[in-house]
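Below is one structure; the comments refer to it alone.
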Amino acid sequence: LFCYSYLVDATVMSYRLHLVAACLLGTVYSQYDPTWESLDTRPLPPWYDEAKIGIFIHWGVYSVPAFGGEWFWEHWEGSKMPEYVNFMKENYRPDFTYADFAADFTAEFFDPVHWAKVFEWAGAKYVVLTSKHHEGYTNWPSANSWTWNSMEVGPKRDLVGDLATAIKENATDIHFGLYHSMYEWFHPLYLADKENGFLTNDFVATKTLPELYEIVNAYEPEVVWSDGDWDAPDWYWNSTVFLAWLFNDSPVKDTVVVNDRWGRGIMCHHGSYYTCADNYSPGVLQPFKWENCMTLDKDSWGYRREAVSTDYITIKDLLSEMASTISCGGNILINIGPTHDGRLPPIMEERLLQLGSWLDINGDAIYSSKPWSHQNDTTTSGVWYTSKNDTTYAIVLKWPKGNELLLGSSVPTVETNVTMLGYNGTLQVATQSPGMKVTFPDMSEVTTSMFTAGCGEKDVACRSYRGPVSKAGLDTSAQSSFIAQLDEKTNPSKI
């Protein structure tokens, strides 16, 4: 029996600190040691960079009050924010507790197969479901969350297991992943450890780590998306010990990826890929693999009953965010918040299906693509570049005026060939200084998956169409997203 115990500084040894050991029968760590130096040498599994598009799902007891967002409990009884306190006073009896909400987390309309198909239709290649948020409620029958889990109170079913099975059986191109919060706002053991300056870790030893091992062994997620780590350093969480086991000996050791939230100061420094912050979108190429986790509801990750249509980003904005993210080498993780009864809110489902319609035609420019020598065009705004093999793609987010697109970052040669996804013909190209001019066909000749009629900055919503589009009766100022496909003979201009 060989056990590796995480070493701690001698100054803390006078306190009761559990050295959580990763014990392997008859073996030692085969490849990666529980240090960041060693863990950072692990190559990124190729599937993750190729996937590009993910769906994030925030779903829990906070979906019952559905007011303000997923931080409802903390804002009500932790920070005691007036709007949350008043909401409870005006709508619930005086002795109502947060735990009382759990009985109404019913999920009676939860159809995991439908969810899986929607995610597939949306073009997602991975899904990350909240297994447990900061409230501590687990969406699976955890042995480490007694009476505060989805089997014992609320839905009376294994929500994680049901969705994992549905995805693996009905959407085989999608990789299943799980979000897990390391801390819990009001757990007595966590609060005691915090009071002790994190020189004890009873909470980690009896709650956080057992849960992590539990979900990996039970559901085999290929993404472990950690969060809630920021209060304490990584040695308190025993993060590197868990990750060494995950990469060396877990059932997903060859394919799993993890984010960068494993302790105070770790974010944007260690992990399979970096998130750096919520809604991280640098707009320029980064020297590391990164992910833009963003949400369709601009003000919340969980479902909000008080949200209005303008609180949700338009498909135009979603496509723009996706294009800039992929062009700069990132993945995009698009968040939705289901209702307490298990429905995907129609406006969120619509956005996902609109995205899928666009990807039906233009996905070649997204999946398995690589950043080009330029990320966005130097002459025309709203043009983002990607590349794949010998092809460069220009993602044009707005139909050019007069059907003429000016590209300053691309210099044509006599052999340059420019085509458009969704259009069978070849586009006319002329050299200009700098770059080139591409003449688009008439809109009526183009088959495209996304056509928005009169979709200006103040439009509340834009309609989407799947398949061939007729221009008849539509505003000539219509905007759309198209891919200009440039062959290998197109050279980047000098900057």
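Cβ coordinates come from backbone N, Cα and C, glycine included.
Here TrEMBL flags 30-364 as domain 'Glycoside hydrolase family 29 N-terminal'.
The number of other Cβ atoms within 10 Å of the Cβ belonging to Cys293 (site 'May be important for catalysis'), over all protein chains shown, comes to 24. Among the features that TrEMBL reports, site 'May be important for catalysis' is placed at Cys293.
For the domain 'Alpha-L-fucosidase C-terminal' (375-447), the predicted model reports an average pLDDT of 90. Taken from TrEMBL, the feature domain 'Alpha-L-fucosidase C-terminal' covers 375-447.
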Residue counts (helix, strand, coil, in that order) that DSSP gives for the domain 'Alpha-L-fucosidase C-terminal' (375-447): 6 helix, 34 strand, 33 coil
